[in-house]
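So the structure is just underneath, and the comments pick up after that.
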Amino acid sequence: MSNSFSSKHQPLPAQANSLIRIRGARTHNLKNIDLDLPRNQLVILTGLSGSGKSSLAFDTLYAEGQRRYVESLSTYARQFLELMDKPDVDLIEGLSPAIAIEQKSVSHNPRSTVGTITEISDYLRLLYARVGTPYCPTHKVPLQSFSVSQIVDFVLQLAPETRLMILAPVVPAPQQDLISLLHSLQAQGYIRVRLGGEIYDLDQLPGDLTTDFAQVEVIVDRLRVRPEQKQRLADSIETAFEVANERVLIVDMEQEQTHAFSGRYACPHCDYQIPRLEPKMFSFNSPEGACPSCDGVGLMAVFDADKVIVSEDLSLLNGAIKGWDRRNLFSMALLNSLATHYDVDLETPWHKLPKAIQDIILYGSGSTEIDFVYLNDKGKSTIKRHAFEGVLPNLERRWAETESNAVREELALLRSTIPCPACHGTRLREEARFVRIGAAIEAAVLPEPSTPAEAASASHTDSDNSARLPGYSLSEVSHLSLARAQQWFEQLNLSGADNEIARPIVQAIKSRLTFLNNVGLSYLSLDRKTNTISGGEAQRIRLASQIGSGLTGVLYVLDEPSIGLHQRDNDRLIETLIHLRNLGNTVIVVEHDEDMIRAADWVVDLGPGAGEHGGKVMASATPAQLQKDPNSLTGHYLSGAKKIPVPKRRPVTPRSPLPWLHLQGASGNNLKHVDLHIPLQRLVCVTGVSGSGKSTLVNDTLAAALAQKLNRAQTEPAPYQSISGLTHLDKIITVDQSPIGRTPRSNPATYTGLFTPIRELFAGTPEARARGYDPGRFSFNVKGGRCEHCQGDGVIKVEMHFLPDVYVPCDACHGKRYNRETLDIRYRGLNISEVLNLTVEQALTYFAAVPSIQRRLQTLNEVGLGYIRLGQSATTLSGGEAQRIKLSLELSKRSTGNTLYVLDEPTTGLHFADIELLLGVLNRLVDAGNSMVIIEHNLDLIKTADWIIDLGPEGGQGGGRIVAEGTPEEIAKHPESYTGKYLKPFLKK
């Protein structure tokens with residue numbers, strides 16, 4: 001194995017301080033490895049899934065780098081930071097402070113957006129507060145604000161010796177009457193006021209003074225226009241501002257004209273005014289900026305008429321309205337009275353009722369009163385006249401009044417989440433929504449709204465879209481894709497002082513947008529919620545933020561940043577990583593992507609196998625040297641000595657008698673009324689650049705619609721018109737990368753159902769039967785058999801305050817999770833704790849004589865998970881491992897041959913050899929007559945598909961269409977397909 005660090009990218013210095021020296025690393029499955037890595041280089045760690053890459057990168061290098069930095073801080077500072085466990089390693093030299101950029105979702109907080117986590121929203125708020133122009137929502141004119149000096153300058157431009165009155169227009173408080181306000185002003189020392197154009201002395205008010213004046217105009221001063229009166233004028237205006245909430249009236253007594261000025265932003269045509277613009281006014285997390293109706297969330301839960309109406313084909317008498325049928329005598333009495341009043345036949349199907357009648361039943365009769373006939377306890381009828389409340393308002397009232405959780409759970413089934421009608425989903429209050437920047441820019445810059453909610457949020461006024469205001473509001477800019485937002489800021493042209501103020505702010509925004517677009521996130525928008533983005537997208541957002549920070553001398557550790565990224569965007573990602581390296585940082589990346597491995601300065605290949613069979617350094621060299629190393633499995637694939645073959649395809653032609661699945665008119669998110677046609681009993685790949693609509697089409701529309709129809713699921717699919725071809729399917733199984741469990745107690749044995757027959761096996765032993773132990777005795781989740789000292793966790797948490805919390809093995813069970821009596825029971829020489837510590841491979845031999853357990857273990861092994869332990873905590877499994885565990889669970893079930901499997905990037909975290917293994921499993925399912933739809937970017941898997949559906953051509957609003965569909969060879973020849981362009985050389989391998 002070569003340890004020379006000469007690289008084709010740039011020569012490495014030979015000094016010892018240019019290396020990170022690792023000696024005796026034993027974290028997890030690492031086999032006491034010694035390794036030297038070049039500093040300030042792009043280093044790729046690769047190898048089979050489970051070979052120890054993450055153990056080396058994150059649990060050894062990052063953990064030690066982070067731990068050393070944090071321990072250099074004071075004990076006071078350390079108590080606020082999360083410290084990491086010291087890795088099991090003898091020596092690491094040459095480490096820098098470390099930053100990990102992992103595939104974790106950024107935040108589950110519904111208030112968190114792409115804009116907030118990248119800090120672009122902070123700059124936008126500052127920009128709009130400093131150079132934004134506020135408008136009146138009613139008159140669509142700019143609001144005006146005047147300082148005292150500006151008003152003084154205006155007055156001094158009037159004709160000399162002009163007689164003036166300076167008035168402070170005071171509006172009475174909500175509960176204050178006019179007389180008490182006048183007495184209060186008199187107590188403050190004011191002598192005269194003007195009411196309705198008439199001047200009154202406060203100490204000589206008439207007894208018959210009317211009290212219906214909207215405001216009291218306090219006379220602050222009377223003077224003539226003279227230059228020497230400038231200071232007196234300024235003092236009087238300031239006094240008026242203090243008295244009248246920054247408003248003043250200058251009365252020209254010669255011309256009999258009144259000039260109104262406001263220190264706040266005010267409309268010249270009405271009383272609308274807002275305070276001076278501050279950044280907090282543009283934050284939906286601040287009370288000053290958040291929409292008061294939805295508290296800045298942008299969404300509201302309301303009762304949905306579509307859910308309340310059971311079926312439009314039913315009549316009111318037969319239960320068209322949920323809960324309003326013959327069994328509910330009270331509601332039927334109301335409906336009978338309504339029918340009498342409005343001359344409606346209760347036997348008429350709902351869809352045949354006039355729209356006006358439907359609205360009265362759903363929303364109430366308003367001010368119209370109706371005679372309702374009620375029966376009392378004795379059966380006597382009484383007539384009461386009142387308005388009809390309406391079904392939906394009745395449900396809202398019951399929701400607000402009930403304290404019963406059961407009632408709320410029942411009512412919740414009838415509610416839907418909609419964009420807030422007050423702010424149209426923008427989250428901001430009216431004052432902020434009508435502040436705008438810039439002139440109108442070409443329509444091409446703005447996205448076309450793809451949904452009613454987006455159309456509402458993109459509207460330029462709340463009530464009059466025809467009166468288009470210049471420039472764009474903050475919410476409209478936030479709604480643009482990142483690519484279009486960058487274009488908007490490039491074209492933004494401010495003048496004068498505004499340009500000087502805005503220049504550094506705009507520059508900071510543009511640089512952040514550039515980095516985000518360079519890592520393949522151009523289709524996202526700043527208002528996109530972070531709880532809707534994938535782990536790969538979250539990781540690339542963090543990567544862009546780190547580049548923007550400009551740090552040097554840092555050790556960056558990344559986990560497969562290419563996940564979810566189309567090959568077209570991969571080159572830009574590689575350039576970004578090289579840029580991060582060129583800043584003077586060491587970049588260590590766990591990665592399987594071929595292009596990224598070839599672009600690296602140094603590659604470490606771990607293996608030879610996974611789990612217990614891995615943890616060794618098979619090769620450590622430049623990419624060129626790696627291809628010649630006989631010990632490197634990765635090198636064999638890079639050199640072409642090993643390759644994933646293109647299989648013999650199953651035919652998909654007009655002549656092949658295939659059943660097809662047809663989905664018409666899919667229009668969720670950015671989909672442009674897509675008609676999807678899928679050949680069944682084939683392996684179908686859905687491809688396209690990131691953000692082109694793959695997940696919306698496959699997961700949110702197709703899978704959700706089929707789950708609703710075949711599996712009776714409650715989840716509502718994204719909008720579509722129709723679906724046909726279901727007669728060839730009996731169920732749909734979606735296998736995604738979500739965790740198999742969110743607690744350490746969940747593990748592969750519990751998820752796959754292995755644990756139940758294993759516990760039954762132990763309960764069936766002679767010793768267990770003699771003691772009366774049932775299967776529950778062998779569960780660590782319930783009292784009885786588990787160790788109560790650690791409650792079945794096997795470890796005890798010791799809080800160390802300013803040091804990291806320490807987890808020590810339980811001193812009662814010594815980490816075995818069960819009490820002594822339970823551990824006495826053995827099956828074939830092992831107790832239950834020792835069985836859970838077996839790897840899948842070991843368990844296959846151990847349970848060879850138990851078919852029910854053997855079948856499940858075999859499928860786990862077939863999907864490449866022979867190295868994981870049966871009791872391994874679910875929280876330690878990667879997304880790819882979790883997905884393969886789910887796949888193995890489905891494989892272990894008896895197939896009907898009419899199942900549609902939907903997989904979302906199953907190659908995540910897989911080496912070339914792992915992908916080859918996975919393909920064998922998937923093809924076996926399809927050969928059995930099942931159907932497979934896979935969202936995928938990996939070209940090694942795409943090239944083996946029977947049929948490809950390519951979406952695009954771009955991401956976001958530039959996508960949402962089917963660009964091409966056909967066999968891989970046909971896609972490779974399509975001139976508009978990005979996937980075809982990159983697929984062509986792979987078909988020749």
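Here, residue 1 is simply the first one shown, and the rest follow in order.
Yeah, the Cβs are placed from backbone N, Cα and C, and that goes for glycine too.
TrEMBL lists 47-54, 688-695 with the feature ATP binding site. Under the DSSP three-state reduction, Gly688 (ATP binding site) is assigned to strand.
Averaged over the domain 'ABC transporter' (647-984), the predicted model has a pLDDT of 89. The feature domain 'ABC transporter' is assigned by TrEMBL to 647-984.
Taken from TrEMBL, the feature zinc finger covers 267-294 (among others).
Annotated zinc finger per TrEMBL: 787-813 (among others), in sequence order.
Taken through DSSP, the zinc finger (267-294) splits into 4 helix, 3 strand, 21 coil. Note on Gly47 (ATP binding site): other Cβ atoms within 10 Å of its Cβ, all shown chains, come to 30.
Residues within less than 8 Å, Cβ to Cβ, of Ser49 (ATP binding site) and separated from it by at least 6 positions along the same chain comprise Ala610, Gly864, Ser878, Gly880, Glu881, Gly909, Leu910, His911, Asp914. The Cβ of Lys53 (ATP binding site) lies under 8 Å from the Cβ of Leu45, Thr46, Gly47, Val590, Leu606, each of which sits 6+ residues away along the same chain.
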